[in-house]
Each structure stands twice: as C-alpha cells, then as structure tokens.
Amino acid sequence: MKPILPDYNSAGVLIIGDVMLDRYWYGPTGRISPEAPVPVVKVENNEERPGGAANVAMNIASLGGHAHIVGLTGEDEPAKVLTETLSALNVKCDFVALPDYPTITKLRVMSRGQQLIRLDFEDKFENTDATPVLSRMDAALPNVKAVIMSDYAKGSLEHVQAYIQKARAANIPVFIDPKGADFERYRGATLLTPNMKEFEDVVGKVKSDQELVEKALALVKEFDFEALLVTRSEHGMTLIRRGQEPFHLPTQAKEVYDVTGAGDTVISVLAASVAAGKSFEEACALANAAAGVVVGKLGTSTLSEIELAEAVHGSQDTDFGVISEKALIEAVKKARARGEKVVMTNGCFDILHAGHVSYLNHAAELGDRLIVAVNTDESVKRLKGPGRPVNPTDRRMAVLAGLGAVDWVVPFSEDTPQRLISEVLPSMLVKGGDYKPEEIAGGKEVIAAGGEVRVLNFEDGCSTSEIINAIKGGKG
C-alpha cells in the first residue's frame, strides 16, 4: 500500500514556550591568539535563525502548516529579528514583551564546520504573570488542532499547568518537549517527547527495551499522560501508550552532523501530523523520518514537505499521495529533471466508482506520473449544489491517493483548476467528457508551454449522481 502524507495545510498548531534567537558567526581559523591560548577566527559571514520554540514554529510553517506562537521576549533588537523572520514565513507571532528581560539569544562561533564557543545572552524569566499568555491562548485555541509546549527551562513555561489545563479543557491535545526531571509539572499533558537522557533522569538507568516500556507506562499512569515518545538517538524512538503495544521505530539517520534542533523537529512533525488527522503511530513514523533528515544538516534546521516525503519513501520514490501545491511544484520539477512525463487531471471524485478508476488508469498510461487535482468541499458545493459533496475533501483525496495509478493528489479551492494548472504546467492535461481541448480549464496555458491536451471518454453506465439517487431510493 502506498503511504500517504497528511495535508499539512489543514494543521493549525499553537506553540507556547521558550523562544530564542540563534546567531552564527562563520570564519576560518589558522593561528592562536598572542593574548591567550585560544584560536583566532576571522569572521567572514553570519546568520540568524529562530531557535527553541521559535524553531518549532518554523518547522510547522516549513511543512505547510499554520503556526501561531506565544512566548516571552524582551523589548529589544533580537525580538524584532525573531518577529520579522517568523512573520516572513507566515508564522503568527504573539509575543509577550517584558522590558526587564533580554530576548534569549545564543551566539555560536563556527570554523571549518565545528562550533568553537557558544555565548548565551539570557536571564531566566521568573515570577511572571500568566494572564497575558492565557488570554492569547483564549484567542488562539478555537483555530488550532494541537498545542505544543517547548520547554528549555528558561521560564516561559513557569505556569505550564495552567496552560495544559486550558488546552485540555478545550479538548485540544497537548504535546510537550520536556526539560528537567520534574514530570509532575506536566501532569495531564497528552504526550511528552523526552530524549533518552531526559527519560533516565526521571526513572533511572534503563538496561533493556522491556524495562524502558515498563518504566514509561508507569510514568504515563502516574502523571495522567496519554503517551510518551522516547527518542533514543541511534536506537530510534519508542512510543508507549496506555492499553497499546509499544511502537518501536529504528533510526533513519544516515549521517549525523548536528543534533541542534532535532527535538524541535520531532515534536513539530508529530503534532502537525496529528493535527492533520494522522494516528499517533503514523505521526511518529513521520517524525522519525524527519529527525533522520535534520541531524544531517548543520545548525538549527527545518525540513520541507518534499524532504519529508523523500525521507519516508526514498529519494527516488516520489509516489507519496496527498501533497500541497508548493511541494507538488517542487516534486514536478524533480520528475522533469529525471525525464519523466507528467500527466494531470482534475475533478470532484465525490463517490469513487468504476468509471473513475478506468479513467484514471487510462490517464496514467499516458505518462510516467499522474497528478489528480481535487475540488475542495466549498468548490464542490458551488458547482454541484446542496448536499454535495457526500465525502469531505480529505477522504476523497485519501481514496484517490490509495490508487496505484495516482502519484500525487492536490486540492484546489477555485471553481476551476486553471491557476493551479498554469503553475504546474504538466506535460499533458487530461479531461474526461465531451470537451474541445481549447475549452478545458488550463488547456491554453499547457499548449502555450509546449504541452498536450487530451480528452478521454468516461465509461458508460457509471455516474456519481446515479449512485446517490439509487442510495436515496433504497436501491442496491
């Protein structure tokens, strides 16, 4: 069966926690200072990246999800840099600025791929008022499907219990990247993602997988969690849930250059995947694949939806089902570079029947890759009228993505896919029915780009409307 990535565009996630700015200074070093026995670095360039909870938000945005971040900052230049950088990535920033504190900033001096020193600019947030964060949560919770709390023990989650209770009262799952040995403060959270060291700091040394599972289950019961996901470095990760068998995943990392931010990526992909409708097991598999990618990058890193898809299915296998428009365009570019012919079609596909399957099989035979663009629910309602669609967008796309003939499934919200087709520009555009090529939405653009437009016949005797009427009439 062909695995399916979720539609991350449907994932709204609220992130609360320790936001920070990671700064990097890069340069060569070839001598020792005459002033002290330390290397001299000639700084040639620099870089600034959101870190901590801000890196979590950036990861979700990079996947195509909707990230809303709340955290404590100072009233200073690093706070402005964070806001500008994240806003440019479509992250909604809702920071609480405290004039008596600096924004947490970490400066790393790098040379020849190695970190020589890290300078931290910070004061722990203490005795802060929870009200500003709680009021921001009230505004955000109706628009999200998951909450992440990213704890680096810098004080932004001083009132974490109040935040957990508010989210859980709204029936929103809470995912926490913990810090320290006091798991009592996280009581009632949905899922924690401790690494092996953090886990052993709480339960003591673990000598076997069975002991890990037993101790994890004890924590789940003691602190009223739903699950623990223990990340285990070269041993992969293990999901432990109440009443479920443990779920072990081996590591997917090929090379490890830098683990900075890997935990951020794990919890980002995990929560975004659950918010997009995936089970815990499916979400963990995606998070494990994501971790294998980011540890192969230098510095605090994110990954795109296309990188995640390639990590899950192999760099040469792009048969990954449901995909965002942005990731689709990137995937099509790679397919063209491999000399593959890309075919595209579109439709509502409300109740998939034999006629649809026959049509899609025929379309797939015309090239190497088949894209199916699917009208969203709002688009179908405008085109088909009341009572349609019968099946919502995510279910229609999931069924299509499960067909062997289909490579990519992408939603569009307009009445026609003309704009989407003009962005993708497939080698061939296919449409079923009694059309002239020049009448097909997007056909002119495809032809102008050197592509081809084909009209295929539908199989007689197959109609979604007839199926609906038969069901209403109690037939069949």
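Here the Cβ of each residue, glycine as well, is placed from N, Cα and C on the backbone.
Marked as region 'Ribokinase' by Swiss-Prot: 1-318.
Per Swiss-Prot, ATP binding site is recorded for Asn195, Met196, Lys197, Glu198. Counting every protein chain shown, the number of other Cβ atoms lying within 10 Å of the Cβ of Glu198 (ATP binding site) is 19.
Annotation comment: Swiss-Prot describes Asp264 as active site, evidence class sequence analysis. Around Asp264 (active site), taking its Cβ as the centre, 31 other Cβ atoms fall within 10 Å, counting all chains.
Annotation comment: Swiss-Prot describes 344-476 as region 'Cytidylyltransferase'.
The Cβ neighbour count for Lys197 (ATP binding site), using a 10 Å radius over every protein chain in view, is 9.
Summarising the environment of Met196 (ATP binding site), the number of other Cβ atoms within 10 Å of its Cβ, over all protein chains shown, is 16. Listed in sequence order, Val230, Thr231, Arg232, Ser233, Gly263 are the same-chain residues six or more apart from Asn195 (ATP binding site) with CB atoms under 8 A from its CB. The CA atom of Asp264 (active site) is located 15 Å away from the CA atom of Glu198 (ATP binding site). On the 0 to 100 pLDDT scale, the region 'Cytidylyltransferase' (344-476) averages 83 in this prediction.
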